[in-house]
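Listed in TrEMBL for this protein:
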type     : residues : note
REGION   : 1-230    : region 'Disordered'
COMPBIAS : 20-30    : compositional bias 'Polar residues'
COMPBIAS : 103-117  : compositional bias 'Pro residues'
COMPBIAS : 152-163  : compositional bias 'Polar residues'
COMPBIAS : 205-224  : compositional bias 'Polar residues'
DOMAIN   : 375-413  : domain 'Zinc finger Sec23/Sec24-type'
DOMAIN   : 450-686  : domain 'Sec23/Sec24 trunk'
DOMAIN   : 692-776  : domain 'Sec23/Sec24 beta-sandwich'
DOMAIN   : 787-890  : domain 'Sec23/Sec24 helical'
DOMAIN   : 916-967  : domain 'Gelsolin-like'
Amino acid sequence: MGTENPNPRNYPLRPAATPFASQQPSTPFLSSGPVVGSEAPVFRPGPPAASNFQAPPFSGGPLVGTEAPAFRVPTSNRSSEVVRPPPPPSSYGPPTSGFQSFPNPPMPSAGQVPPPHISITGRPVIAQPTRPPPVPASIFSQPQPPLVSMGSPPQSIKTGQPNPNIPPPADQHFSAPMPSSQPSSPPTGTSYASGRGIYPGYANMQPNSVSQAPPMQPASFQLQQGGGYAPRAPPTSLLAQQRGYVPVPPVSTPSGIYSGNQFQQHGIAPPVAAQQGLAEDFSSLSLGSIPGSFDAGLDITALPRPLDGDVKPKSSADMYQMNCNSRFLRLTTSGIPNSQSLASRWHLPIGAVVCPLAETPPGEEVPIVNFATGIIRCRRCRTYVNPYVTFTDNGRKWRCNICSLLNDVPSDYFAQVDASGRRVDLDQRPELINGSVEFIAPAEYMVRPPMPPLYFFLIDVSISAVKSGMLEVMSQTIRSCLDNLPGSTRTQIGFITYDSTIHFYNMKSSLPQPQMMVVSDLDDIFVPLPDDLLVNLSESRSVVEAFLDSLPSMFQENMNVESAFGPALKAAFMVMSQLGGKLLIFQNTLPSLGAGHLKLRGDDIRVYGTDKEHILRLPEDPFYKQMAADFTKYQIAINVYAFSDKYTDIASLGTLAKYTGGQVYYYPNFQASIHKEKLKHELSRDLTRETAWEAVMRIRCGKGVRFTSYHGNFMLRSTDLLALPAVDCDKAYAAQLSLEETLLTTQTVYFQVALLYTSSSGERRIRVHTAAAPVVNDLGEMYRLADTGAIISLFSRLAIEKTLSSKLEEARNGIQHRIVKALREYRNLYAVQHRLSGRMIYPESLKFLPLYGLALCKSLPLRGGYSDVQLDERSAAAYTMMALPVKSLLKLLYPNLVRVDEYLVKTAEFDTKTRLPLTVESLDTRGLYIFDDGFRFVVWFGKALSPDITKNLVGEDFATDFSKVSLSQRDNYVSRKIMEILNQYRKSDPSYFQLCHLVRQGDQPREGFFLLTSLVEDQTGGANGYADWMLLLYRQVQQNA
């Protein structure tokens, strides 16, 4: 996740089984109930009387969604030097006019005959019982209908029940569309070619590409009517299915005789029940193809893309205005199901993502409340007083919003209430008007005196640490941060270094310089001078500075290659166990001596794809998990900084961070000349950001629901108490919710997050976040209130955890299956009354869910197989993603791509919101682009970019290998402008430092490694592109729909 090796041994990519093949029999992870929608369709009109068929002439199983879904245009024979004109900015993303709402006309009464369908020419269309009408020749030149937004069904309609008020369509014979397929052999090409074109800057063969989409015109054609009789698709070759390179067969899906454009022309809407109070508009995407053509019928420009970044959830904030901000607590859906049966039909996770110490913008700080006589809490469920409690008996009692118990109001907290039940002193009580508040905890909340901020450094000083320059950069960074460490005069600090022996340092303030003590007995560790190894920073400041200044030169000639990491870890525990604190580990080599020594593994390629594959992602030695449990017990958090160009078993070392509430920083192939700024920034932030010490967290919720599982970096102390030795603003935690009762009787469910911690100033505090969510009895309302960011955040944690017990493919399939189930269930709500066969429909709130799901399957922890991602890199990315807040995770999955060459030569202000779709078609060979995923920058230079711009940015050696060139500010306008842009991005997301990598178009494998494999909309490494993925989901949704 940090910096990557630009010349890995894994290119070109070996063929990997496509992770998005047809559904596997394996059970998706933590499936939430039976697959709804696998029975007969909810509405199946009988065939017309004129038909001679008693049943379809063939019924050999589902005809869609079983082949490899990838759609690929044949490669072009044109010269690779063809230059495309830059695409206009307006051509990206879904067209603004594509979402339209249809009015809901009143239903005809039971005695009325449904009106005949009217064609474009105004004549009635007679349904053909056996074959669709011939298609006019002009149909091949017409684009598909755009995204259409239609009203949702009325609340009274229940899924699975035919609605008697809806007349059966006269032109529909079968409820399921029958596709026609044509075999094709996979085209050849490089592993970086996208599904819609090859390398950037090459001629584009897609007729409706992003950059050259034809204008939408009024539809003058009608899609195929009826079910149509199509032959069964012949099976494709195994190689084609594995690579995902089979062109998508034309799908003869019925869309009814009216296309979306015809509705717009004639003002005709499909009949729905005569209820106007619709819960939500949904969106639909036309996927119908042209019979006999190779065009899949999918307009790439119409695909939804999150080009505005993380969109705030459409929660019930209007209804519950005193909820805490969504930066602290996000629910996967703000509509809580009122029954277990309703919850079983919601195939997405029900839960929450909590970031208790999220950074707040200026002016929105969490208010601090100090009760002189004790914090007001419910005596039964221990809920803290909050804006949703109610006062009764003229203010003498208050009712808990979680458990409904009446509590007495203490005399010093009493205040009169007005006629509406509001306290007259409400404006002076922040805890009664703010969803987030921080209480000063009295003495009864302390098991021991508040601990001081404590930083202990465990440093590998073997030859690799010295030669790479890590030791010098780390020493300089720590020294520069001494003035900014939290805690002022209370802060404690200490150091241990190790190679084949362990080195302790006496930092007593009376010493002119530190004293080193070496322990070589690794089997029986003891701590010399235990009282002087941890010192007060303000008292021993000069000794600490002298140590940091001399540390690099002290081991400059060290040729030791061994690492006694396990014994050194035990020694650090013995020193820190009295106080607790934060342990920062700097590890350069594979632990080789003493307890916890590890061996090389992961080289056996035969293990991959078998049931033993997941063992490589588990810690090899239980020593590390046991040590993590001991550290947590004594309030010690661990952050692991790993630097190596060789295997260091991050899967084992990261366990220390996982169970102590820490995090993993990974710097593969670290070289100070390249990675200095990244390490300096991230270590500085780790040391100076505000930290909550010796913390515990609990999430309370209302009667009838409870949190059943928790996901993230922590140790679970009891069934619902999370032990967090150190917490900061960059950590988030996820939890899954379940219903305890068959039926919820309340109208609202309340949630309260409580974090008890010690501040760096020595105060014991309780940060409380409270939110309310309505209880709903309608599945459509749950979809309307869904939060894609929270869902994906939970999905990612569940999938990563599944990789620790299953194959990568099974984890990817689990994501795919649950998205399919959710979309199928949603389709069952709407498809009948709107007759939307041939269209993929999804709720507006989840329009980005398929794309984020695809991006998650292509992320480092889940991507491909053995040769796609190195084992350490995969494990480090997994540990990082398990702790990321929602906003950072979404940016990592769908990064920013912006074109900047036009801004560099103008005086106009740069707009960071002008983002492009992540596809090679967005890259113009004459442009300069910045790719930003929150962890790194990739600056892409097109082949035809102006040489003046390149020269101004990288100097006279702009024609040399870009792997040896760094981007730094030079004395010219263009260089200053691009550095301003990069710094603007870094300032907006300071959690990690984006190291800048320069890439020239066509420079392989560097271009593929840094950029092309990260363009998630393209077909890479055997995985689907975005369009193919949507077609695959559509086909699987159609099965048994």
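The backbone N, Cα and C atoms fix where each Cβ goes, glycine too.
Whatever TrEMBL says is automated annotation, not expert-curated.
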- prompt: Okay, the domain 'Zinc finger Sec23/Sec24-type' (375-413) and the domain 'Sec23/Sec24 beta-sandwich' (692-776): do they have at least three CB pairs under 8 Å, pairs separated by 6 or more?
  reply: yes
Per the Cβ under 8 Å criterion, with at least 6 residues separating them from its ends, the domain 'Zinc finger Sec23/Sec24-type' (375-413) contacts 322, 421, 423, 431-435, 437, 439, 441-442, 700-703, 750, 752, 754, 766, 768, 770, 772
Summed over the domain 'Zinc finger Sec23/Sec24-type' (375-413), the DSSP helix, strand and coil counts are 6 helix, 11 strand, 22 coil
Grouping DSSP H, G, I as helix and E, B as strand, the residues of the domain 'Sec23/Sec24 beta-sandwich' (692-776) number 0 helix, 58 strand, 27 coil
Reduced to three DSSP states, the domain 'Gelsolin-like' (916-967) has 14 helix, 11 strand, 27 coil
